[in-house]
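> Below are the features listed in Swiss-Prot for this protein:
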- C4-C38: disulfide bond (DISULFID)
- C6-C31: disulfide bond (DISULFID)
- C21-C39: disulfide bond (DISULFID)
Amino acid sequence: GLPCDCHGHTGTYWLNYYSKCPKGYGYTGRCRYLVGSCCYK
């Protein structure tokens, strides 16, 4: 995914995960967008 900013964290933008982040990456939070989510560790 593309890098993105979420609550001051640098995260990864996932286009295919609309409401949750993929498991197995150790993400601790996210920001939802109209399409996709920004997931950060």
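From the backbone N, Cα and C atoms, a Cβ is placed for every residue, glycine too.
Note that the structure is a prediction, hence the values are computed from the model and not measured.
What's the neighbourhood like for each of these?
On its own chain, C38 (disulfide bond) has C4, D5, C6, G11, T12, Y13, W14, R30, C31, R32 as residues at least 6 apart in sequence with a Cβ closer than 8 Å to its own Cβ.
Residue density at C6 (disulfide bond): 18 other Cβ atoms are found within 10 A of its Cβ, drawing on all protein chains shown.
Look at C39 (disulfide bond): DSSP puts it in a strand.
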> When DSSP states are folded down to helix, strand and coil, where does C21 (disulfide bond) land?
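Assignment for C21 (disulfide bond) reads coil.
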